[in-house]
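Undergrad: Relevant sequence annotations retrieved from TrEMBL are reproduced here:
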TRANSMEM  12-37  transmembrane segment
TRANSMEM  49-68  transmembrane segment
TRANSMEM  117-135  transmembrane segment
TRANSMEM  147-167  transmembrane segment
TRANSMEM  173-194  transmembrane segment
TRANSMEM  214-231  transmembrane segment
TRANSMEM  251-272  transmembrane segment
TRANSMEM  292-310  transmembrane segment
TRANSMEM  322-341  transmembrane segment
TRANSMEM  357-376  transmembrane segment
TRANSMEM  382-403  transmembrane segment
TRANSMEM  415-448  transmembrane segment
Amino acid sequence: MAETSKQFLKRFLGFSIGPLVSALIGFITVPITTYLVSPTDFGKSAMYTMGYSISSLFIFLGLDQAFVREYNDEKNKKNLFWNSLIVPLVFSIIIGAIYIIFYKPVSILMFDSIEKYIIMILAFSLPFAVIDRFNMLVIRMQEKAKLYSLFNIFNKLFVLIIMIPYLKFIDNSFKGIINANFISLILLCLLEIYFVKENWKTKFCIDKKLLTNLFEFGLPLIPASIITWFFSSMDRIALRQWSTFEQIGIYSAAFKIVMVLGIVQQAFCTFWTPTAYRWHKQEVGNKKYMEVSDILITIMVILFSFIVLFKDIIIKILSESYADAAVVVPFLLFLPIMYTVSETTTLGISFSKKTSYNILISIVAAGTNYIGNFMLVPRMGALGASISTGVSYIVFFWMRTLISRKLWYKFDLNIYIVNIILMLLLSITSIIFNKVYMNLIIILIVIIYNKKHVMNILSFCKATLGGMKNERYNFSRRFRD
């Protein structure tokens, strides 16, 4: 049975609640943290986060994405879970042991000082990262939106509850931030295991045929993952190499503010991946995918416009020592926007299972990012890193889109071309001139160009809200009767 727009939106909103609330908690946490921690310590905590993210990305060997790809086709879900989990879990322990053995060079590389305790925390975090990832993938693929949202909320809530008292009364250095996140991760994993315990209790056997299928899909992603590591972390690596921890702290504060927009990215990508694969299996028409894509880029470009317009006000919630973060915001916004929209245009690569193209995409984007950072960071610091990141994600979007279009079908590109040009124009204008009237003129052009989709979104929201009111009215009437 074809899914109606109302059902589509209802499921999307179900997955959005958690990221929305967790982003709100994160938005509260960031300014509080900036008042308790110096930009230098904030920068060091960002380097730890980068190390954790890099390690987490690498240790999965592409099997987490293979798990998602095979989930709807595999009848024995529990066996798929364990065969996908076991290799990354063992590999995470091995990588953690290597970190502990070579803690001195690793800690000097990350912090410019020897921090054995922090490297041990990083090593112990990796197996929990694997457990957390696969637990959440199970919940996500089962499309248990409310439970998925709940764990997103718990993740941020645990950090807030633990970190603020720790920084205030015990240690207001970067170690306090790291300890709070580690404790939060352990608590979250234990809670997740309880709710997906049927997967953990089951007996399983190593299925060589299944593992072969998983590795055939996942292994081509390993080189791409390494390049993606370089691509996604080049900004902080460049700042670490050619700038100061203070600039890393300012950049990271702006990054966390920008990633409030990441709630849309996280919610949509979490919801979209299983939906797109299900539609593909049901042979849903290509037009429906593009309708989603057009609506998505309209929403994202409007959110982008208003965040840029109010960026100076938003940054004022941070401590005064982070005031320079305002100019970093515009180009950083391209990261969540270009990545999210590309999830709707890259389906040709996923459907054709030609994931080796991800290597080419990552190489080109990473090369762009490296050249940009090499040229801009020594002169412009955090601003240079943000410009390079923004441009490289635009390149990333176009590489994914054009290759997918070649493998899939020739969908129209005009809406992407015009909106990206308008976003670039607004970013440059807001950084160089920062005049409200100039920004408003560009935003007006954005709204006029996307008028059709804006009206459709407003009409749809109005109809949905009207339906909800009618349902409440009918319920209350039945209750009175």
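In case you wondered, yes, glycine gets a Cβ from its N, Cα and C as well.
Any idea what these are sitting next to in the structure?
TA: Sequence-distant contacts of the transmembrane segment (117-135) (same chain, at least 6 residues past either end, Cβ-Cβ under 8 Å): 48, 51-52, 55-56, 59-60, 64, 67, 81, 84-85, 88-89, 92-93, 95-97, 99-100, 103, 106-107, 111, 175, 178-179, 182, 185-186, 188-189, 192-193, 195-196.
Counting same-chain residues at least six beyond the ends of the transmembrane segment (147-167), those with a Cβ under 8 angstroms from any Cβ of the stretch are 14-19, 21-23, 25-26, 28-29, 32-33, 36-37, 136, 139-140, 176-177, 179-181, 183-184, 187-188, 191-192, 195, 266, 270.
Remote same-chain partners of the transmembrane segment (173-194), defined as residues 6 or more beyond its termini with a Cβ less than 8 Å from a stretch Cβ, comprise 33, 37, 41-42, 44-45, 48-49, 117-118, 121, 124-125, 128-129, 131-132, 135-136, 139, 151, 154-155, 158-159, 162-163, 166-167, 200.
Long-range neighbours of the transmembrane segment (214-231) within the same chain, counting only residues 6 or more positions beyond its ends whose Cβ lies under 8 Å from a Cβ of the stretch, are 54, 57-58, 60-63, 65-67, 69-70, 83-84, 237, 353, 355-356, 358-359, 361-363, 365-366, 369-370, 392, 396.
Same-chain residues lying 6 or more positions outside the transmembrane segment (322-341) and placing a CB less than 8 Å from one of its CB atoms are 34, 39, 249-251, 253-255, 257-259, 261-262, 264-265, 268-269, 293, 296-297, 300-301, 303-304, 307-308, 311-312, 314-315, 382-383, 385-387, 389-391, 393-394, 396-397, 416, 423, 426-427, 430-431.
Tertiary proximity for the transmembrane segment (357-376) is limited to same-chain residues at least six positions away from its ends with a CB under 8 Å from its CB atoms, namely 220-221, 223-224, 227-228, 230-231, 234-235, 237-238, 242, 349, 383-385, 387-389, 391-393, 395-396, 399-400, 403, 407.
Within the chain carrying the transmembrane segment (415-448), a Cβ under 8 angstroms from the stretch's Cβ atoms is held by residues 294, 297-298, 301-302, 304-306, 308-309, 311-312, 327, 330-331, 333-334, 337, 341, 345, 383, 390, 394, 397, 401, 454, all 6 or more beyond its ends.
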Undergrad: Would you mind listing the long-range same-chain contacts of the transmembrane segment (292-310), meaning Cβ under 8 Å and 6+ residues beyond its ends?
TA: 258, 261, 264, 268, 272, 329-330, 333, 337, 340-341, 344-345, 411, 415-416, 419, 422-423, 426-427, 430, 436, 439-440, 442-443, 446-447, 450, 453-454, 456-457
